[in-house]
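Undergrad: Mind having a look at this structure? Questions to follow.
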Amino acid sequence: MDPVDPNLEPWNHPGSQPRTPCNKCHCKKCCYHCPVCFLNKGLGISYGRKKRRQRRGPPQGGQAHQVPIPKQPSSQPRGDPTGPKEQKKKVESEAETDP
């Protein structure tokens, strides 16, 4: 390892800065450009402020794409409308007449 001038700050050491500035390209070469590019572009880790996404407003024209939903009739109980009690009585009466 080459000796480094002790009076030089660490961020000014030779080889500490890449020769070209960082850019917004995400190609393989630019992802490995420097440690910061690798973290941000290669791994997707960013410690900066997160941008707030703006909500999209409703499209002009209001209800152009909305179809009204028809009212459904209230649900009715399924099965025999006479009810379970009358069925039990029928079964009991049939059981008495069989023997």
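Here the Cβ of each residue, glycine as well, is placed from N, Cα and C on the backbone.
Sharing the features that Swiss-Prot gives for it:
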- Cys22, His33, Cys34, Cys37: Zn(2+) 1 binding site (BINDING)
- 83-93: compositional bias 'Basic and acidic residues' (COMPBIAS)
- Lys28: N6-acetyllysine (MOD_RES)
- Lys50: N6-acetyllysine (MOD_RES)
- Lys51: N6-acetyllysine (MOD_RES)
- 1-24: region 'Interaction with human CREBBP' (REGION)
Undergrad: Looking at the binding-site residues listed here (Cys22, His33, Cys34, Cys37), whose Cα lies nearest to that of Lys50 (N6-acetyllysine)?
TA: Cys37
Undergrad: What are the other residues, in sequence order, whose C-beta lies within 8 angstroms of the center of the C-beta atoms of Cys22, His33, Cys34, Cys37 at the Zn(2+) 1 site?
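TA: Going along the sequence, the neighbours appear as Pro18, Asn23, Cys30, Tyr32, Pro35, Val36, Phe38, Lys41.
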Undergrad: Suppose we draw a 10 Å sphere around the Cβ of His33 (Zn(2+) 1 binding site). How many other Cβ atoms does it contain, all chains included?
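TA: Other Cβ atoms within 10 Å of His33 (Zn(2+) 1 binding site): 19.
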Undergrad: For a quick check of packing: other C-beta atoms within 10 Å of the C-beta of Cys34 (Zn(2+) 1 binding site), how many?
TA: 16
Undergrad: Other than its own, how many Cβ atoms are within 10 Å of the Cβ belonging to Lys51 (N6-acetyllysine)?
TA: 6
Undergrad: Could you state the CA-to-CA distance between Lys28 (N6-acetyllysine) and Cys22 (Zn(2+) 1 binding site) to the nearest Å?
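TA: Here the two Cα atoms lie 13 Å apart.
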Undergrad: Only counting partners 6 or more residues apart, tell me which same-chain residues put their Cβ under 8 Å from the Cβ of Cys37 (Zn(2+) 1 binding site).
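TA: Set apart from Cys37 (Zn(2+) 1 binding site) by at least 6 residues yet with Cβ under 8 Å, we have Cys22, Cys30, Cys31.
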Undergrad: List nothing but the one residue from Lys28, Lys50 whose Cβ has the fewest other Cβ atoms within 10 Å; the candidates are the modified residues.
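TA: Sparsest of the modified residues Lys28, Lys50 by Cβ contacts within 10 Å: Lys50.
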Undergrad: When you measure from the Cβ of Cys22 (Zn(2+) 1 binding site), how many other Cβ atoms are you left with inside 10 Å?
TA: 13
Undergrad: How long is the line from the C-alpha of His33 (Zn(2+) 1 binding site) to the C-alpha of Lys51 (N6-acetyllysine), rounded to the nearest angstrom?
TA: 24
